[in-house]
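Colleague: Pasting a structure below so you can have a look.
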Amino acid sequence: MMITLRKLPLAVAVAAGVMSAQAMAVDFHGYARSGIGWTGSGGEQQCFQTTGAQSKYRLGNECETYAELKLGQEVWKEGDKSFYFDTNVAYSVAQQNDWEATDPAFREANVQGKNLIEWLPGSTIWAGKRFYQRHDVHMIDFYYWDISGPGAGLENIDVGFGKLSLAATRSSEAGGSSSFASNNIYDYTNETANDVFDVRLAQMEINPGGTLELGVDYGRANLRDNYRLVDGASKDGWLFTAEHTQSVLKGFNKFVVQYATDSMTSQGKGLSQGSGVAFDNEKFAYNINNNGHMLRILDHGAISMGDNWDMMYVGMYQDINWDNDNGTKWWTVGIRPMYKWTPIMSTVMEIGYDNVESQRTGDKNNQYKITLAQQWQAGDSIWSRPAIRVFATYAKWDEKWGYDYTGSSSTNPYYGKAVSADFNGGSFGRGDSDEWTFGAQMEIWW
């Protein structure tokens, strides 16, 4: 069809608008999960996690609606040089009602500049809040190396035999105290900045299909002028990480060894807590501290076993040994096999076991959890999402110890400490029981 002169300006404007929209297209990524569930003994879905464990087996065992919404855009590009702006807002509600208001968490807001340094081709300069090179076990939602937060860095520097990355990030915690000479008042609820300095050397090919990553993190409490720390605060600490990744059976296996000291032992993933530990809304911190060390040995992966079977797996031993005897020994093992009936329908089972020993009491808490789910997903991989699943979960536990949060830290000398289940005639931990739940859930990442 011939375009008249009158219509030509409109056609040009529309075409220009389309090209402009494509050039300025915004990247939309994210993650979300939500569903509905019931408990066999009555009421809404309960979720099961062993006291003292830092995570739980998640299939058929998530009781909240959670979402991360990421918007990003390459805002400038010239040759191989570019600037990218990235954001991430997260939400979490209890999925109990239609209208559930919550304050969003601003997780990411950063700019990444690629190839800006002529003599470091392939490297990236970045600054802002960021999820920084996180390492996790998906099936237990456990992040074992994660220094995310506000920060800055230079990453992916090619050193010939690997990629070097340097970063500094920050997290804050209650525990720092402001002192006033006139009345000697201490307010332990003030936040104290903790800085983490991270060095990583990754992508070192050491065997066919295998790579090695090494990392060192140093964390320290960074006090303002006229501030002091609670007595016995650890102040600083180190985390050393070695991770070997092997390509195997159309998937991967990761073997990880980590060792941490003092302020880096509480979370054990690279974030520092060096100012002491405050509980809830206490007016001053309980003088517990995290001086000591942590050892973690972890193996996890995901593999394909023929055309119809995929499987995730994890095995981990973690020993947090604190000078105050409030540490734990935690070991966990689990598998998640998946049988694919069609390219979009599968049956998934998850079996997981946790055992946590209290350093103080010597008692042990244990739990095993089994989930069977029928699932429809967008593809034939165990990683394919979105997925809609119906599930049934059975959990049985036997807990011999718990943490004493009776009263307050000012009145209870055992506040925050591990105690036996029947300590002082009380009831700590979850006892010896079992339960089953059932429901439906969607999960998506894009």
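Each residue, glycine too, has its Cβ placed from N, Cα and C.
Annotated disulfide bond per Swiss-Prot: C47-C63, in sequence order. The feature signal peptide is assigned by Swiss-Prot to 1-25. Annotation source Swiss-Prot lists site 'Greasy slide, important in sugar transport' at Y31, Y66, W99, F252, W383, W445. The site 'Important in sugar transport' annotation in Swiss-Prot covers Y143. Marked as topological domain 'Periplasmic' by Swiss-Prot: 116-122, 206-209, 379-385. Sequence annotations record features per position, and here Swiss-Prot assigns transmembrane segment to 27-35, 65-78, 81-93, 123-130, 192-205, 210-222, 235-248, 251-263, 308-323, 327-341, 344-359, 363-378 (among others).
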Colleague: Taking a Cβ cut-off under 8 Å, which residues six or more beyond the ends of the transmembrane segment (251-263) line up next to it in the same chain?
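Modeller: Non-local partners: 135, 144-145, 194, 219-221, 234-245, 272-274, 290-304, 310.
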Colleague: In sequence order, what residues of the same chain, 6+ apart, have a Cβ less than 8 Å from the Cβ of Y31 (site 'Greasy slide, important in sugar transport')?
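Modeller: The answer is Y66, A67, E68, I444, W445.
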Colleague: If you count other C-beta atoms within 10 angstroms, which of the recorded sites Y66, Y143, W445 is the most crowded?
Modeller: Y143
Colleague: Does DSSP put Y66 (site 'Greasy slide, important in sugar transport') in a helix, in a strand, or in coil?
Modeller: strand
Colleague: Under a criterion of three or more Cβ pairs within a distance under 8 Å and sequence separation of at least 6, are the transmembrane segment (235-248) and the transmembrane segment (308-323) in contact?
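Modeller: When sequence-distant Cβ pairs are counted, the transmembrane segment (308-323) does not touch the transmembrane segment (235-248), since fewer than 3 lie under 8 Å.
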Colleague: Pop the Cα-Cα gap between W99 (site 'Greasy slide, important in sugar transport') and W383 (site 'Greasy slide, important in sugar transport') into the table, whole Å please.
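Modeller: Approximately 31 Å lies between the Cα of W383 (site 'Greasy slide, important in sugar transport') and that of W99 (site 'Greasy slide, important in sugar transport').
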Colleague: My understanding is the cutoff is Cβ-Cβ under 8 Å with a sequence separation of 6 or more in the same chain; which residues meet that for C47 (disulfide bond)?
Modeller: K56, N61, E62, C63, T437
Colleague: Which entry in the list of recorded positions, C63, W99, F252, W383, has its Cβ near the fewest other Cβ atoms, using 10 Å as the limit?
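Modeller: Selected from the recorded positions C63, W99, F252, W383 on minimum Cβ neighbours within 10 Å: W99.
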